[in-house]
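Peer 1: Heads up, here are the entries from TrEMBL:
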- 28-329: domain 'Acyltransferase 3' (DOMAIN)
- 28-48: transmembrane segment (TRANSMEM)
- 63-81: transmembrane segment (TRANSMEM)
- 93-113: transmembrane segment (TRANSMEM)
- 125-151: transmembrane segment (TRANSMEM)
- 158-178: transmembrane segment (TRANSMEM)
- 198-215: transmembrane segment (TRANSMEM)
- 227-247: transmembrane segment (TRANSMEM)
- 259-279: transmembrane segment (TRANSMEM)
- 291-311: transmembrane segment (TRANSMEM)
- 317-335: transmembrane segment (TRANSMEM)
Amino acid sequence: MVCAGPSELAGRGDVERGRPLLRMQRNAILDSLKILLALMVVGLHGRFLSDIDVHVGYFLENYLFRMAVPIFFMINGYYFASIVDRRSAVITWLGKVSVFYLTWSLVYSGFFWPTEPGLLPAARSLAFTLLIGYAHLWYLPATFLAALCILPLKNAKTVVLAALLATAYAFGLLLQYSGNYHWFPDTRLDVVANEIPTYRNFAFFGFPMFGMGYLAAKKRLPSEMSLYWKLCLLSLGGLLLAAEYSMNVALGLPIGEGFDLLVSLPVVCLAIFVLAASGRTISQSATLGEISTVIYFIHPLFLLLLPGLGLQAATPLTLAAVVLSLLSSPLVIAANKRWRIFL
């Protein structure tokens, strides 16, 4: 996934032992996981299987596939820990995130360019979109700001940082649930709580998940946590995910009420991440990581354009977007080798 810039330079052991970064040592299992996560994001945005079975599609879109983005944040936070004490490396990293964001915002600008009459309203609309990020691009400013939040807290005690992360996530979670269940009907608060940027943002989502990855590196969880406890954590997370879905169904929550934040996500996503990060298969190639990034950034282009060509059904549309994203990967990777602005 994008922004894991240090992961292209640092191996798992270097992050955990504080050694100098080694050129192009990568965790092959983590890179393979990124491909799966990117495909899950395509499935989420394409509403995979929702045209075949609405309940299966709803579970995939709002529960199972929601694990992808938090794990991406954790991966970036984990590798950010390897450069957090080096000012020049942090500045370079933040600069790359900014360049990536501007590049991909330009690619999608035709879809969000303001149409409001008048210069001031149009400028306001454009500024708001660029501030929070258009559609999937929200991930980049959220990552940038999450990293900025970590910098002044890098020497904080683990319990203090963990408490801040938990508080931020819990607040966003409550906001989202209050909107989904309309705890404050016919009020301005209900309207605001049902706006996605209210809870799915850097403060309540990006910072907590990025910070969990950062703490995982600082506490060396991939190597220090035993396989037994990793599997226990994974089992607990899976049970929480199933219970949360069952609870919402039992309470009669309409299928139209979607989720970005779930009670279960911090647990199940951390478990999956530490299991993958503990892999000892090292690769010298960045190809898998680059492909996952291309898939993440380019797939909405196909999801937006293909319906105009007559491909409307969710499952064929999703599969077509996956195939076209994979076919586009070599072209984007080649272009990036020349200009260094896409990945």
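From the backbone N, Cα and C atoms, a Cβ is placed for every residue, glycine too.
Can you tell me where each of these features sits in the structure?
Peer 2: Listed as Cβ neighbours of the transmembrane segment (125-151) (distance under 8 Å, sequence separation of 6 or more from its ends, same chain) are residues 2-3, 41, 45, 69, 72-73, 76-77, 80, 84, 90, 93-94, 97-98, 100-101, 104-105, 108, 111-114, 116, 197, 200-203, 205-207, 209-211, 214, 296-297, 300.
Long-range contacts of the transmembrane segment (227-247) within the same chain, counting only residues at least 6 positions beyond its ends with a Cβ under 8 Å from a Cβ of the stretch, are 59, 63-64, 262-265, 267-272, 274-275, 278.
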